[in-house]
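Listed in TrEMBL for this protein:
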type	residues	note
DOMAIN	A:79-151	domain 'J'
COILED	A:295-346	coiled coil
COILED	A:391-422	coiled coil
DOMAIN	A:554-609	domain 'SANT'
DOMAIN	A:558-609	domain 'HTH myb-type'
DOMAIN	A:558-605	domain 'Myb-like'
Amino acid sequence: MTNGDSSAYSKVVAIPFPFVKRKVECAGAAFLRYHNIKCHGGDALFETLQSNEKTEEVIFDDDVEYLRSLDPKDWKMQDHYAVLGIKNLRYKATDDDIKRAYRQKVLKHHPDKRKAQGEEVRSDDDYFTCITKAYEILGTPIKRRSYDSIDPTVDDTVPSQADVKKDGFYKSFVKHFESNARWSEKKNVPLLGDENSSREQVERFYAFWYDFESWREFSYLDEEEKERGQDREERRWIEKQNKVARAKLKKEEMARLRSLVDLAYASDPRIQRFKQEDKDKKLAAKRAKQDAVQAKKAEEERLMKEALLAKQKAEEAERARIEAARAEREQQKKNLRKERKAFRDLCKSNNYYSKSDEETVAHMAAVEKICEMMKLVELQECIKSIESKGREAFVNTVKETEEKLEAERKALFENRKVEEHKAKKESALKQPIEWSVEMTQLLIKAVNLFPAGTNQRWDVVANFLNQHGTFTDERRFVAKDVLNKAKDLQSSDFSKSSLKKAANEEAFDQFEKEKKKMHNHIDDSGISKSDNPSKVKLVNGTATPKAEEVVAKPDDKPWTKTEQELLEQAIKTFPVNTPERWEKIADCIPNRTKKDCMKRYKELVELVKAKKQAANLSK
Amino acid sequence: MAGAYGIHLGNSSACLASYSNGAASIIANDAGDRVTPAIVALNGTEWEIGLPAKSGQLSSKSIIRHNKRLMNNDFNQEDLSYVETSASCRIQNDEKVVYEFETSETTLYSNPDNIATKIYAKLFTIASHAMSNEGDLKLVLAAPLHWSNLSRERLVKCAELAGFDVLQVISEPAAALLAYNIEETSEDVNVLVYRLGGSSCDASVVKVSGGFMTIEKNVYRSDLGGQCLTKDLADFIAQEFRQKWKLDPQESRRAMAKLLIHADNCKHVLSTLNSAHVFIESLLDGVDWSQNVSRARFENVISSKISAYLEPAQKVIESFGGPIHKIVICGGSMKIPKLQAAISNLLPEAEILSGINPDEVIAAGCSREAGLLLDIPEFSLKDMNTEVEFLGKDVYLKYLDQTVQLFKEGTAPYSQHVQSIDIGDMKSISFTLHDNPDSKEFATETFNVESLTSPFTLKATLQESNILLRVE
């Protein structure tokens, strides 16, 4: 319809006045048609028009000869459409057409009618049965479908490659697609179109056909009817057989359709054109991309070159600058040397501005010094002043130089002095504080005051020492010192420490005294013991502990007060879980063995227990 | 083969129609009724939908009526309280509406979408039982005009959950027009669509021109409905009962509920018969009640309300102003002959259409739309209405000495005009186009028709902004 050469017959006229907009409900046949065309383009317009075209009045032909030739027993093989006289309509016949055709046939061919007309009618196999059978098939939608599916006039062929070559693509495929379109579940099957069909249309066409849903089914060809089965089992078996056969046919049908569409797709000139276009486009895109990449590369290279050039230039400039600086330095040195030489020459020529020989020697030395000290400009100025003023200026310069030298020396000396002082101070600060006896005692006190487990114990201990101790300088204890000392104290052999020595001496004195006393007042020995036993005595008011002491005496020396204190201290210092506790405790107390200590401890424990008991009793 | 179905789910009832062979037919439910009550009840652990829910235990704590009101995304407080009073379960409205059911063991929760899905599922089973062959159930739904797109999508989601394949949602007035094929009339007509349902009322004027429908005016009332009439009738019977037995059924909730059910039945019967017999067993204190209510008596009872019911229609007609040619009545309450008469009296010149049962009109229209849609591949349209550009002026065609009106003003795009032309042996022909038979032409086209056999045809197609002329 939209042939390429038809442009002479169709013209587009613009409408000069505006359209009116109106809101419409999205329902109704008119709207749906409008929407469909709008969404699916112009081709739908012609399609729907075609389907809307009114069919002309149907003519039902009446072929009596054919009807007479029919065998009612063989109804399955008859052409139902031919029987009803709508051979030319076939699948296009509406339900209404079929009904009307059947009515007409009944009117003409009913046995009663024919009998009335004097025709001979065989009662058992009259062809009228064929007419009713035909209507039975075509009048029921499902049965009609199954008959339409295997309509003998359907062209099930697929064009071969040769046909396509001979007739051209459109001519050979149009009629195939049109004839197969009738199987579609969906209506509005897209048409093949022509050379000028848009890409969208072509794509829609192939999408539709590759996705084709066919209602064609082959139950009409069933070998045996299910109803003929004797029993349920047999019927089921027949059903199964039929199902398999139908599935096979359906599969073949789908394969046929597929091959048709495949062939069409493969030989469609439009598809080839589109593919070529795609390819070209891709190629063009690729080329453009490549070009872009190349351009980019070239640009990068250019930039790199420029950068390199700039760098080289910069380097050269740098080198030149360094060279110039070196040259200048050299020049300066040269100048300096020249000036010095000039100065020396000047001095020499003027006999060093000296009045005596000694002075000459001194001045010569001074000249050398001046040469060393002075810079180029100073030297020049100096030369000028000397040239103009002679000796006076020279002497001045020498003096100045001397002064300068002196000042420098002084400054150097001062510096060294300060540094030395500082170093001394630092070294002094670095030296650890010596532990005096008071300090050590203070440390022990602190350690006992802040038992193990105290938060930041050693810092606290160090603080304690710093607060309570007396210091000569600003040096103070830090946690580390304190910890080291404490460890030292713990592990060191007590007999070596001065504290121990002192304690030993004192203990011995005490012992001597005690011995003397004991002979005089036995009772006092009890008092010299720890606080606990004395308290016990006070509470009980009996002499039993004393007796005990006396009894214990033969194998035990009595415990002096200092010893008692030491023991208590040791027990506190070495907690229960300390390894070899009693040895350590015994070490702390001079003149006492481990056994003694343990014994004494047990006694003390008993005493305390007894005291507690007594206190309870008295309550 | 897919079947085309239409459903109108209303506040109080739902109707299902199918379309086949060019005609819509209503599918009756398992109880044989053509309309299924849109009532859902929870009985123990079992959901009851439709009739069993309506006639179930009166004391049940879990009956939901008027669920549709809460299906609207922007329902107001009034709607909520309305549903709350008519439903017998608790409703929570925090972020979302939740129904709370108390069963003997546990408390169940549900929401309006769930309830709507249950109703659709019920209709789905009815439809699939009625269908002879397998295939998809293609469905078109109707939604009230004032609903938003989101609410409609909710409706679609519910129907799809129930198993339907929803093609489109159309507006209720459009569906009503489709049911009567009004849009196929060639001349332009204005139609009043008056819907009076169980608890709401719609009146709209639709302009039909060239197959396209435009809603011109619309009035929606949520306080008018057939339930008020039922209530009036129940009150009337209660009064009779009180006069005779000196017992007041209005004091007992249970008696009143019973009375309402029977009054509802009576009302239905009176729409078709001249008199109805009301028999209520043990209405109050074991006393039975039996009474004959004639249609005249019923009409007398409701006569005071009729003017109120006509008010929305009057309002819409007044605001529209133009002549109204046809009236389509729909909604269950419009079955009442007195109301029909009142509406037709309102517009004596207009033709009142009542060939289809008023409560089935919208469903029938939906099913017709579904039938039309089956022919259209890959249709997807979310909106209920859209803008279309129509021709602003008439277009006339002149050739030789003939003048033909090619397109009328207001013609939709893609319309076609086919003209058969016989020019004898002439080799070429020129056409001129005019917007007025007497005015100057705005375009001239000349065709060389040498190769065509005379008489040939001229096909003119109106396109988006131009006319395509083609000779064949």
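Cβ coordinates are placed from backbone N, Cα and C, and glycine is handled just like the others.
TrEMBL does not curate its annotations; it predicts them automatically.
Residues 347, 350, 352-353, 363, 366, 369-370, 373-374, 382, 385 of the same chain lie 6 or more positions beyond the ends of the coiled coil (A:391-422) yet place their CB under 8 Å from a CB of it. Note on the domain 'Myb-like' (A:558-605): DSSP counts are 33 helix, 0 strand, 15 coil. Note on the coiled coil (A:295-346): its mean pLDDT in the predicted model is 90. Helix, strand and coil counts under DSSP for the domain 'J' (A:79-151) come to 50 helix, 0 strand, 23 coil.
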